[in-house]
Amino acid sequence: MANSPGAQGAASQSRDPFVMDVRKIREDARKHMSDGPVTQSYGADRETVLKLLNDALATEIVCTLRYKRHYFMAKGINSEAVAAEFAQHAKEEQEHADRIAERIVQLGGEPDFAPDGLRTRAHSEYKEGGNLTDMIRENLVAERIAIDTYREIVRYLGEKDVTTRRLFEEILAVEEEHADDMADLLQGRE
Ligand SMILES: [Fe+2]
Ligand SMILES: [Fe+2]
């Protein structure tokens, strides 16, 4: 194939316009480099958005830890189905934390993973819960707090930072599912 003159001709024909495109992309990248990831069209206050993102990061970390704790404790009291639900939520909260950290870096900030102050930065609380029903109830409360704060953040971001807003909208939808799952579990126990 590579020896066929036809194929080589086609390759050299397509090479030039392709190189031209890359050159333009490189030029554009260089031109806008000094602006960082935040361009002139960025309408939000970057410091405020970074603070909101870092508080949300703390929330997601605390939620991951709480669901992890509940997963292992529920397993210990032979509630495999509930434990599996907790494990699934822990995994999703971890994904939220990762996506938020990624966005912080994109905006030129630094994700705050410091364990000190995690509790105060987070919106939701780390509650261990004495029994299975307590655990489910604490998770439901935490999800409801996350839902309300994320909704506020979405409202604040509006059209000012659409990418961050979309991220929060997507996370919010998952938190609503989580709350629904916990409400269902609780209903079967009360
Ligand atoms: Fe989450
Ligand atoms: Fe959640």
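For all residues, glycine too, the Cβ spot is worked out from N, Cα and C.
Under the heading domain 'Ferritin-like diiron', TrEMBL lists 43-190. Per TrEMBL, the feature Fe cation binding site maps to Glu60, His96, Glu143, Glu175, His178.
Projection of TrEMBL feature records onto the structure.
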residue : record                 : Cβ within 10 Å
Glu60   : Fe cation binding site : 26
His96   : Fe cation binding site : 25
Glu143  : Fe cation binding site : 24
Glu175  : Fe cation binding site : 28
His178  : Fe cation binding site : 24
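Here the domain 'Ferritin-like diiron' (43-190) is broken down by DSSP into helix, strand and coil counts: 114 helix, 0 strand, 34 coil. With respect to ligand 2, the binding-site residues Glu60, His96, Glu143, Glu175, His178 contribute Glu143, Glu175, His178 as residues with a C-beta closer than 6 angstroms to one of its atoms, given in sequence order. In this structure, His96 are the binding-site residues from His96, Glu143, His178 whose C-beta falls under 6 Å of some atom of ligand 1. Note: the Fe cation site is recorded as Glu60, His96, Glu143, Glu175, His178; in the same chain, Thr59, Cys63, His89, Glu92, Glu93, Ala142, Ala146, Ile171, Val174 also have Cβ atoms within 8 Å of that site's Cβ centroid.
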